[in-house]
Amino acid sequence: MTSRVFVKEEVFAEDCDSTDDDQKNGSQTLTKRSKNYPYNQKNLELIQEAHSSSCSINKIIESNYLQRDIMTDVNQFIQSIERKVKRVESKFPVKKEGSRDGSDSLATLQNLYETLIEIKKSVFKPQVDLDDFNRIIDSHYGHLLSSIDDSENLGFHEKLLTSLRFIDSKINEFTHIIGNEASMIMPASATNLVNEINEEVISPYDSIRAFELKFHNYEHAIQEGTKRLLHLYELPFPWRENEYIVWGYRFTNNHYHCVQSIFQVHNETINIWTHLAGCFYFFYICLFEYPRSELFQKSSISDICMIYLYLFAGIKCLISSSVWHTFNGTANLYLRKKFACIDYTGITVLITASVVVTEYTSLYHSNAFIRVGFVSFSLICGIAGFFFNWSEYFDHPKSKPFRIGFYIVLSLLGFGAYVIMGLQNGFVKASSFYAPAVGRLSWYLVGVVFYGSLFPEILRSDVKVIAKPEDEDIVSDRALKCIHEHFCVEPEKFSSSGKWWSLWWVDYIGSSHNIWHCFVLLGVTMHYFTLYEMMSIAIGDQ
């Protein structure tokens with residue numbers, strides 16, 4: 001049998017009352033309340049506290065285009081609260097239709113209850129309707145929101161976050177009250193009663209606290225980033241990628257400053273210029289070296305197009321990489337993720353072009369249908385990968401092994417053409433033809449070892465390295481207690497600091513990513529010469 005808990009009137013003194021239109025015509029719609037009704041000091045303090053936190057969060061949301069991120073948390077809360085409302089319904093002392101109760105305590109609880117029920121009826125849909133949610137908040141708590149200074153200029157997200165935090169506080173009070181009442185009536189079941197109501201509910205406080213910690217120190221980093229380079233522990237968590245690169249970070253909202261930094265010294269300078277220099281060399285090949293070559297004179301239009309396909313893909317890859325490393329110092333997280341995706345697409349385009357041109361040359365004397373089939377399939381896979389590069393999952397820090405695997409699998413598409421060539425001409429000839437291409441892949445494989453192992457910076461001994469907490473651990477009590485360690489004023493230096501063997505210099509030169517870039521550049525360049533040689537052999541066998 002479901003128990004119903006009745007709340008003491010003096011426990012929860014609030015200052016609102018029902019109008020004479022309550023339950024008019026049996027309607028189950030919201031009870032109208034005066035916008036000018038005075039709330040007590042406790043509620044005014046609650047709404048001000050909620051607004052103060054929400055205001056700072058809203059600035060970060062708007063400057064980073066993170067509306068969808070915070071809306072995900074909001075939607076999860078609104079959807080999960082439906083389960084809580086069902087439990088509240090069975091415990092709440094609901095007034096019968098037409099009844100009047102002058103009690104302030106019951107009136108305020110009735111207001112909270114009706115707010116939750118209205119949310120349940122109007123908002124809980126396959127797609128959460130935030131406009132309905134906003135309307136309900138206006139109707140029930142609009143007069144309280146109007147007590148906020150400059151309330152007329154409240155933006156949608158700021159108002160939404162403020163309302164969620166306020167309602168969360170009220171629900172917590174309600175849960176506490178019925179727990180106290182239950183302990184007087186049924187002491188043994190009081191804890192179970194409160195746990196039953198709170199079961200499976202995602203608190204907006206937890207979601208918002210996670211958001212605040214995720215962007216902790218953001219305003220300080222913005223302010224200092226305009227003056228100097230920052231160290232790792234001044235950056236908000238989403239900007240921390242390699243915990244062993246400690247110094248030399250840019251952090252600015254000005255894209256012009258990012259472009260200017262191409263000609264400045266910081267921890268991305270080598271990464272920018274290794275591929276920018278390679279890009280200039282590929283332009284030279286396109287405009288001068290290849291058009292003057294003997295192969296160019298003997299090639300058909302389709303042969304020339306294939307070589308240029310690879311050259312342009314190489315330029316696209318190298319430019320994309322340079323763009324990413326130029327702009328990854330932006331303080332706009334949304335744009336930063338998009339620049340990372342540009343880098344991923346450059347790699348995908350290069351690998352796809354390498355496979356396509358290799359298939360074209362190895363199947364040069366095969367049936368045209370077979371050659372077109374292989375090339376078309378590889379192009380389709382490359383195009384699919386191009387769009388996949390822009391997914392949030394692909395860019396997630398935990399997806400680094402997956403990204404490496406994706407590129408390896410994409411590059412193995414050319415193995416099918418090797419099998420066909422072996423069946424047609426013998427595997428000895430096919431192996432001899434493919435040997436240069438396989439040999440040149442070693443440049444990439446060696447680079448991947450450095451890229452994945454974070455060698456040599458993982459051996460640095462000049463400063464104390466603090467690992468970034470996982471996303472799910474950011475709001476843990478342990479992370480909160482250690483927050484000062486993650487955002488220290490200066491990294492803790494060891495006695496070896498400043499000595500060359502402590503590897504202090506990996507922040508600016510010689511890091512694993514610098515080495516990876518050098519091997520990628522060698523691989524891209526050497527593969528061009530390999531394709532040149534393979535095309536020469538294919539044309540010479542005619």
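From the backbone N, Cα and C atoms, a Cβ is placed for every residue, glycine too.
Annotated features in TrEMBL:
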- His325: Zn(2+) binding site (BINDING)
- 307-327: transmembrane segment (TRANSMEM)
- 339-357: transmembrane segment (TRANSMEM)
- 369-390: transmembrane segment (TRANSMEM)
- 402-421: transmembrane segment (TRANSMEM)
- 441-459: transmembrane segment (TRANSMEM)
Over all shown protein chains, what is the count of other CB atoms within 10 A of the CB belonging to His325 (Zn(2+) binding site)? 25
Winner by Cβ pairs under 8 Å against the transmembrane segment (339-357), considering only 307-327, 369-390, 402-421: 307-327
Near the transmembrane segment (369-390), which same-chain residues lie under 8 Å Cβ to Cβ, leaving out any that are not at least 6 residues past its ends? 341, 344-345, 348-349, 351-353, 355-356, 359-360, 363, 406, 410, 413-414, 416-417, 420
